[in-house]
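J.: Here's the feature list from TrEMBL:
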- 1-412: domain 'UvrD-like helicase ATP-binding' (DOMAIN)
- 12, 13, 14, 15, 16, 17, 18, 19: ATP binding site (BINDING)
């Protein structure tokens, strides 16, 4: 049975029913007689793949129910069948085969892994390889080892690592970018550029200027350079003529003739330099590829980017026709979700498969292709996503029809109309969405835009206001722009005793039950009483020392200890811990590795206000959204190369050189094009952010933005007088807040282990700080971070840690503050009293301490044979009494944990002009 529109591109704006369209398309294919094994559906995340699978199965099984009447009508239309009973009969006939089939709904990564396992022996790989992303350090070491075989190349590598670090970039990050995107590059220059021609013109200017008595000091300094690198830094290169104030007293027409010649020579020099640099990078890339593949084979482990690259290599080989023939035999129908996020390598791999299907040249001559996406929601340029490929595909294959979904089924009318009004003149080709009715009525909603410079604090106030107006905390989501913002917002919410869900990835190791089990394991391994105390705070069972059987696996050991501790083995976080532990050969290896694990908690274990980045929110919807303006400046672009993919000409690569756009037109065009794409993506991110809400959208925009405190929602002036900004939103308030539904049958939170309520540590309660300037909070946090990151308390360690601190806090603090923190830390380590306490002590930084249902975090714990000293750092001496109370409590707790040791505490006030201390 043929389906309607077998080759279809579907443009699906936010909330328009994309998943609905995918699921009914899949079900229609099954009912048309397609074998489930011949249908492949691809998307980008496991979560999306799981949701798609669930939706398809639910639609198929419940097609006859009233709640699925819309899906039934859509399937009828695709199959060109008017009688719904006929479609249901087809469903019943296909049901047994459908339920017994393994649906091929997967991520691109899983699909490519499937291909690689099929043909891995062609590359000399074992098909039972494991996926891993934790080989970077080993890989870099192997790479350097290979480079070291050639001393000249090793010196060059050292130069590049230093060269890249000057711009806060990373040589290895750039090398990895080359690996992921470029196969072979056309290189014509193997020799370094010659600067003779450039410096010859410079010499002419020097002579003319120095021999003219009317030359100003600025004119003399302009060409006082010893190298091309110095020359390229000169601001006068941005001018079209030298006929301006600096040279006004000595200017002649000959100056501009020579200036034009200088720019031509600079262009030639820079192009040769670029080719030479790329040639050198490619020499390293060749060694890097070999080192990487050798490591893949040796460890039998591949990252997802390795899999993609190897599949691309496999399918570009001389046997590619046979390989695609074998693949085509298993794929008759192909569906692709979020096609606008496809990168070039992914596109090049799947394009031949699409071509076979669309051209009708597949093995059975009958197939279908369906892809869906929205270029307005393309926000993954940093991962290589190229929205241009969405349109290129349908331009390449005229067989592909295009349809658009025009209704918004997600958001209330007031929100749909507002988003339309904001973006219809901003995004090219924007199609106005139509709101839908609920039970025959317009859906109520609430919209508010207001301005404040205290963005985090205002977000918290809006959460409190929504809760006061009948909204459940679980129904509120705060969207921000960076993971650092998430932490700041969550801390501010916690200070008001509002539960917050860190959707930026709350770490599994911080989950209460996992924290307890890991600390119990450490207690049994290291015999340190502090670990038992940490674990005991979360369980009622009396924890006793257990001898570890090192012949058991990590998973078996954790399973045994969890039972001994009386923990429920049904807890989702505990189960996830077991899953991760199954990959470690021993419990000691696992405990060591888990310290740095970035695994997230099992999502079903969390409740409260959700806080996440806009990128994380893509594909999701929330009842009530609070959207923050930028809280801090974005990261600087440290990449030494500029690369963009042109759908007609492929990759374009240019080396970034200061002022190059003023003498190289091609570079100027590429730079401008790259900026246009960046600007478009900024707009897309705002579109994604503003279309997540179902009932309420509250936007907190910055009141007085400037270069240091930017804004997405207001236009503002930079220091150079130019106006910048993405949107200009007026403050407004309209609509009504829809209260959360109260469901008496809603399941209460499942009690997995005997957890006790952990009260907030009053000594570090941030409520009293909620109205203080955030700068002071960031300052104190940065100081603690610096001291925590210092591997040893000496000057070299402080300097290294200061670099890490700057990378993390430069967006929050100015240079004077960052320098002040470093100077304070250096003063501390030179303090004789501080040094005497550390002398001979085992030092524990930022030590978490659990005691009698309360969690404390000690800045520094110094343990000696007969003495324990707890140190608390303060960056100001405003609250001495509460500081003393806090540390006294620490001393009392430690006295109960270490009854045989002398316990004392010291508060160090690390001030700008002195170090002072108070003994407890």
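The backbone N, Cα and C atoms fix where each Cβ goes, glycine too.
Predicted automatically and left uncurated, TrEMBL annotations should be read as such.
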J.: Cβ within 8 Å of the ATP site centroid (12, 13, 14, 15, 16, 17, 18, 19 excluded): which residues?
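T.: Leaving out the recorded residues gives 21, 374, 405, 408, 409, 410.
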J.: According to DSSP, which kind of secondary structure is residue 17 (ATP binding site) found in, if we only use helix, strand and coil?
T.: coil
J.: On the three-state reduction of DSSP, what should I expect for residue 12 (ATP binding site)?
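T.: The residue in question, residue 12 (ATP binding site), is strand (DSSP, three-state).
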J.: Please list, in sequence order, the residues in the chain of residue 19 (ATP binding site) that are at least six apart in sequence and whose C-beta is under 8 Å away from its C-beta.
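T.: Those within reach of residue 19 (ATP binding site), by Cβ under 8 Å and sequence separation of 6 or more, are 51, 52, 55.
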